[in-house]
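K.L.:
Structure incoming, see below.
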């Protein structure tokens, strides 16, 4: 049976704004208080989706979450009508209003960790919602994510959905942004690589400036839930030094597809041992690791972070080669572009680059890889996915028109308290659930 790596990209939400909420994410803090353009942000994401779908890649769409999250504010003691809640929090806790209005669910690489059926003992695709414990504005996503994913992957014969791990420091889990899969054909067993920033119950190397968001204990728990074979699972510590330079998730410093791992030389602690372990486990599957390690002398960690070179999408092509999807910022940086130009002109597996303008997302700290959740599916599983979320030319037009109808073209912090913005969002999302055939997935629809 054939297998596919399907990308499910997040639609940017109507409250996309620059609040600097993500300590450790340097783009987020750098652009705090800038004016955003939610309409442009959504269209930039849709254009990337369409371009990849036009190339023949399977492409799905995941909806944004309801924001501002009025229900969260009520749990925190705000009361009265929705308008009164917004007014009260804007006056007395403005940073809290910004947090509950974040459109960060667009970065679906953090929605969940996904293991294909070929790797799971029960032969089903497993999803574990990420608790995103380290950041409040992200942690509040888990409840709705746990409703959205079963609305898309809605067949118990093929899909297993696990709720988020307990939201405690010991079990901080950031989802697929700290997870890679290395092997051959998508439908065949592969090695699952979990990357963590620190150990919660043991001493060890940790960053000193920025937080390590993912724990080894969380990664191990997800692997157990997904019924993975320990012989085909590796747990790797990210280099604390690069976390302190703004590499808040592993997908800011590494990306993989099939048997190719593209990463910075400083990405991992004990890198030589890590690569030896992966090679050994891949050999058990009769696969050979192709390790593309970018030297610090050619591309510094600082340049990798500012351009999101590794927050790219590595896509397998029909001719056996690979395509690298990069943000415009990578082309604009002389040293990064020089490296990439030499890379694709060589005899390695990556022979093509596609550049996308994703500046609205990039300024908040999310590149091409952040915007997508990779889900490996075989033919039967792909047929079991809610077909209305799969991007077609007609759906692209419908979603573009939907964005034009509902999204504002500029947004500042003061706009978040506007009750009209809340109503605009609910009207738009209610319509979107009908377009994508999701059912009542949002709190306002269920209440």
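In case you wondered, yes, glycine gets a Cβ from its N, Cα and C as well.
Pulled the feature table from Swiss-Prot, pasting it below:
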BINDING   19-28, 110, 137-138, 213, 251, 364  substrate binding site
ACT_SITE  174  active site
ACT_SITE  249  active site
ACT_SITE  370  active site, nucleophile
K.L.:
Whole-number answer please: how many Å between the C-alpha atoms of residue 110 (substrate binding site) and residue 249 (active site)?
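P.N.:
Residue 249 (active site) has its Cα 9 Å from the Cα of residue 110 (substrate binding site).
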K.L.:
What Cα-Cα separation, expressed in whole Å, is found between residue 251 (substrate binding site) and the residue listed as 'active site, nucleophile'?
P.N.:
8
K.L.:
Which of 19, 21 (the binding-site residues) has the most other Cβ atoms within 10 Å?
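P.N.:
Of the binding-site residues 19, 21, the highest Cβ count within 10 Å belongs to 19.
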K.L.:
List the Cα distance (Å, whole number) between residue 21 (substrate binding site) and residue 174 (active site).
P.N.:
16
K.L.:
What are the non-local neighbours of residue 249 (active site), defined as same-chain residues 6+ apart in sequence with CB under 8 A from its CB?
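P.N.:
Within the chain, residue 249 (active site) has Cβ neighbours under 8 Å at 109, 110, 174, 177, 178, 213, 214, 370.
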K.L.:
Looking only at Cβ atoms, how many others are within 10 Å of the one on residue 110 (substrate binding site)?
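P.N.:
Here the count is 28.
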